[in-house]
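J.: Pasting a structure below so you can have a look.
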Amino acid sequence: MKSIKLIAFDLDGTLLDSVPDLAVAADQAARAVGYPAVSEAQVRDYVGNGADVLIARALSQSLTINPELSPELRAQARHLFDEFYEQTGHKLSHLYPNVKTTLLELHQAGFILALVTNKPSKFVPDVLEQHGIAHFFSDVIGGDTFPNKKPDPMALNWLLEKHQLSAEQMLMVGDSKNDILAAKNAGCYSFGLTYGYNHGEPIANAEPDFVSDDIGTLLEVVLVSA
């Protein structure tokens, strides 16, 4: 794929297994507003659409959000979740295998690397610094950087415009349907990872251009013919 100049990465479920910390915070927030406890296994299914949706699903004990949850309750639980998540210090989260070496090789090869996550922006810099990968990214876009999150292509379109590239020069790497749909909506290539968070649905169902269980495979895709 000689055409690729810019590679955009999702964070949670793609580079970082952050569910252990998210689960602690979601459980504490749910119980703090008088709702049942939430397990790590549940949170693995609930992540991928931003913090507001995660908390609403946790309160609903379901992927389908209970329409009877009041906006006030959801806002209160979200505020508590943010506080608890900050207090975790992200100590339980860890990078997936081959992430750091893959980012290093891509960075050294001259690719522009960007981070496009639905995670609230305020948490992202600390997480990247803590895991020693912040310096690889020229752009870091959080879930509240723009009015619309993935699967909307707004962030990807902004990257294309900023770096003066065409859609076929960008590859989006992610673990969920939202990542693949964002890529399709922007007209760029997509690389789906099987190990992340996609609500129990195989990432192949979203029909990415490439599918792998190892982020290191990305090097073969973009460097083999470079």
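Positions of Cβ are set from backbone N, Cα and C atoms, glycine also.
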J.: According to Swiss-Prot, D10, D12 bind Mg(2+); identify which of D175, D209, D213, D214 is listed for that same site.
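T.: Among D175, D209, D213, D214, only D175 appears alongside D10, D12 as Mg(2+)-binding in Swiss-Prot.
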J.: For the recorded Mg(2+) site formed by D10, D12, D175, which further same-chain residues have Cβ atoms within 8 Å of the site's Cβ center?
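T.: Other same-chain residues with Cβ inside the cutoff are L11, G13, T14, L15, L16, G48, T117, G174, S176, D179, L193, G196, Y197.
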J.: Tell me, by DSSP, whether D175 (Mg(2+) binding site) is helix, strand or coil?
T.: coil
J.: Between the Cα atoms of D175 (Mg(2+) binding site) and D10 (active site, nucleophile), find the distance and write it as a whole number of Å.
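T.: It is 8 Å, counting Cα to Cα.
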J.: Cβ distance under 8 Å to D12 (Mg(2+) binding site), same chain, sequence separation 6 or more: which residues?
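T.: Those within reach of D12 (Mg(2+) binding site), by Cβ under 8 Å and sequence separation of 6 or more, are S18, V19, L22, V47, G48, T117, K119, G196, Y197.
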J.: Does anything in the same chain, at least 6 positions from D10 (active site, nucleophile), have a Cβ under 8 Å from its Cβ, and if so what?
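T.: The answer is L115, V116, T117, K150, M172, V173, G174, D175, S176, D179, G196.
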